[in-house]
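Here's what TrEMBL has on this protein:
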- 108-125: transmembrane segment (TRANSMEM)
- 131-157: transmembrane segment (TRANSMEM)
- 178-199: transmembrane segment (TRANSMEM)
- 219-241: transmembrane segment (TRANSMEM)
- 253-270: transmembrane segment (TRANSMEM)
- 290-308: transmembrane segment (TRANSMEM)
């Protein structure tokens, strides 16, 4: 076995990366490990050193310390600071309006809401009718529900992903913003509640003032109308971002079970109201848009649960912080993820998938679960052999990044799992990977590090073990972006880090995107 070891001293001078290259039977393997800052060989000072004998096990890491740790640190930090100085950010007020107050999600929400407001004013001026109000509420509920249908989501993402890379970048970026479709979902949801509130008000007024023919509006309709209104308000309150994040399990339960109850009660309301109409109930229903709309909504809600299955899973414990779950019940494509749960009716979580063909060919795909709460902690502590899944694999944010030619992939911690989904695309963009995490080898294992190198032969890995906490990645991102001449930056991290980096890069005229809480 021929062996050459190169000691790469990161210019930050706070870590040493030992880069082991060894060949056996024509196979070349590269192992990257480090302590607090790992830079690619192109940007690092390389000091040849005679290597000690290496064991044949691929997973063995060699980490060395060096007395040269403190060399060149000042020049490195000065270099990173220059990256920010050379690209001046836009004024704070403009950046806040453009990238926060009026981001794509809020603009979609506003367009939907304003459109409904105009229609609402027109209908109210023209003497609002019960059927007009209930039809408008049903239309918005339908769009709200379809915006969460896996088939609709997949159609949107596939359509956006068809944009060729030769298309002007402004048009590609407009298509890439499809992951903000949650703005349509929430906008229609709030609008439907307002339409329905008007309907309830009209029902109450007509019932108390007897403004309609005797018997055409009975007490059952009034009661059902108010019950639905209460449930719609509960759904909207639970979906408020602050409540959703803090009490996610309650949000999930309220959203799901109240949503189902609203659909059932809406059916009861419509049928009860129709039973009093002339010439017949059937004739009345087939001429009402709300009837056909509620059929579509019902089908959209049933579809994911009709595909509820308990599937076999092959767990691979990576560490006390992370576990990799392997599946073979279906195949997934680049950018797709699945929803899993230990219980069929609660505690569902979505994870991005990546192919197993590189290192675990006996299964089709896998996902990385990192400790971030009760559900993930239990998965790691008690790895399952079977788990519930529902619906079909659905595309997510990462899929739209395929329309760019060159990109920087930025992630932290277990965000590396969704990033590995790019391995499923043979025509993926040329990319550089910047990953900040704690003890990458110890936490995720050599297998994950090798998969990272399939995407970028010289990934930049910032190990936070010795520095004690995470550092601002902005200077590193800007440096890589300029050196690599990238078109875009893809950020997959926790909400706080993602929001910070996307905002700071955008205000420096660097195209950056990351998943939002409702994507």
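These residue numbers are counts, starting from 1, taken along the chain as shown.
Positions of Cβ are set from backbone N, Cα and C atoms, glycine also.
Segment contact holds for the transmembrane segment (108-125) and the transmembrane segment (178-199), given three or more CB pairs below 8 angstroms at sequence separation of 6 or more. Non-local neighbours of the transmembrane segment (131-157) in the same chain are 116, 119-120, 123, 178-179, 181-182, 184-186, 188-189, 191-192, 195-196, 198-199, 202, 262, 266, 270, 288-290, 293-294, 296-297, 300-301, 303-304, 335, 391-396, 399-400; each lies 6+ residues outside the stretch with a CB under 8 Å from one of its CB atoms. The list of residues near the transmembrane segment (219-241) in space but at least 6 beyond its ends in sequence, with Cβ under 8 angstroms from a Cβ of it, reads 186, 189-190, 192-193, 196-197, 199-200, 203-204, 207, 247, 250-251, 254-255, 258-259, 261-262, 265-266, 268-269, 272-273, 517.
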